[in-house]
Amino acid sequence: MAQRCVCVLALVAMLLLVFPTVSRSMGPRSGEHQRASRIPSQFSKEERVAMKEALKGAIQIPTVTFSSEKSNTTALAEFGKYIHKVFPTVVSTSFIQHEVVEEYSHLFTIQGSDPSLQPYLLMAHFDVVPAPEEGWEVPPFSGLERDGIIYGRGTLDDKNSVMALLQALELLLIRKYIPRRSFFISLGHDEESSGTGAQRISALLQSRGVQLAFIVDEGGFILDDFIPNFKKPIALIAVSEKGSMNLMLQVNMTSGHSSAPPKETSIGILAAAVSRLEQTPMPIIFGSGTVVTVLQQLANEFPFPVNIILSNPWLFEPLISRFMERNPLTNAIIRTTTALTIFKAGVKFNVIPPVAQATVNFRIHPGQTVQEVLELTKNIVADNRVQFHVLSAFDPLPVSPSDDKALGYQLLRQTVQSVFPEVNITAPVTSIGNTDSRFFTNLTTGIYRFYPIYIQPEDFKRIHGVNEKISVQAYETQVKFIFELIQNADTDQEPVSHLHKL
């Protein structure tokens, strides 16, 4: 039973890994305001070839973001020209406005025929993390296709989403589609660093008085075959994100010669401090959030006694927590995590270093705040010789609604059932990763993070790692999902007002 329970909980963790140059145009003509008939998501052989070639071309543009101060701006500009080239219908349609924001990000405004319907936003980003060639089976920016698999940096994070959004819209427009509900497409150029493009787009929309029905960004996946004897896939939609804090610890001492060292050096003091942090994890916060929801939904799929344990987390919380903290992934969803990422000290082998610095990254559980984690950290270190400098930080994101009246969540759920009929379990989760959507909480209470892609355990390592890849079939299905989602959003249903939950 213990082994089976660990497997179940491991599944839960995997999920968490889970502007302005303006070309203005007219909206749809008054005679075009009738509701369009449903367009089937069936693509010709020529269209399928064109869509995969478009993705491969996008991968070949090295839109690398190294830091908030350094990125490949030439490639970022080239990518803007590229989407104009491969999606001519999108950029030439009369009821679509395209704006370049913060020099390289892009905002598309698609004017719907029914102004009474609240608009929504689809998001993605086209910048990627660096990809040194060592360890790659093919050059990381080759976009090479082998046996139905496209390789390259950005195939999973997140050029596939960028291209799928525009590709789906292009195919709909070619079929004379006119949306009833207006929507926006936001493409960020620096999500992997500062997110200034997304911040500027959010501010721009707010200045125009826009309030959104919902937002869809990158996030959860469809997980399959993660647990022995559990063969049902599960779609995990992230309804929140953990917070984050980058904290620098610093020790200053008088420098000197190593032949007459002091009792403690700056390196020794700092090493002891970060060691205490690693050996004293933040408290477990199980609570009644998305983890409990997922466990309870999975409970019915298992026999006694696992089903009893999972369906009653309030009773078995100590047991479940003990199992979850044994695995790094499951541990990350029940507490704030502590990761030492940078250590700097010393300039010469015979010189006592005057300064030692260490940077620690905390991913903050929704049950805590930045200030609470900072105070806990100071108490754990308990050494007044160590200075603390917050480099960057933000609190956990609010939890978006996932009930029957949550329009965005239910549209995603409906589209999952349509495109992936074999998936009959959809659950809300909290993402341990962060996205550009965190800059849009001023525009909606419904922010959802979801990749319409099946993911395997080894695929997580490829995101930001070597040999990132996506199958042609998976990408085609991603395009199909967006194609269907846009049409599903033309419902008369409107979102019910929700307050953000923390």
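Heads up, the Cβ atoms here are built off N, Cα and C, so glycines get one too.
Same-site candidate for Zn(2+) 1 binding, as annotated by Swiss-Prot with Glu192, His464, chosen from Asp147, Asp157, Asp224, Asp404: Asp157.
According to Swiss-Prot, the residue from Asp217, Asp383 that belongs to the Zn(2+) 2 site alongside His125, Asp157 is Asp217. Record check of Asn252, Asn442 in Swiss-Prot: the feature N-linked glycosylation site is attached to Asn252. DSSP assigns Asp217 (Zn(2+) 2 binding site) to a strand in the three-state reduction. Residue environment of Asp127 (active site) contains 29 other Cβ atoms, counted within 10 Å of its Cβ in all protein chains. Asn252 (N-linked glycosylation site) sits 32 Å from Glu192 (Zn(2+) 1 binding site), taking the CA atoms of both as reference points. Of all the recorded positions in the list Glu191, Glu192, His464, the shortest Cα-Cα distance to His125 (Zn(2+) 2 binding site) is found for Glu191. Note: the Cα of Asp217 (Zn(2+) 2 binding site) and the Cα of Glu191 (active site, proton acceptor) are spaced 12 Å from each other. Between the CA atoms of Asp127 (active site) and Asp157 (Zn(2+) 2 binding site) there is a gap of 9 Å, rounded to the nearest whole number. Rounded to the nearest whole angstrom, the C-alpha distance between Glu191 (active site, proton acceptor) and Asp157 (Zn(2+) 2 binding site) is 10.
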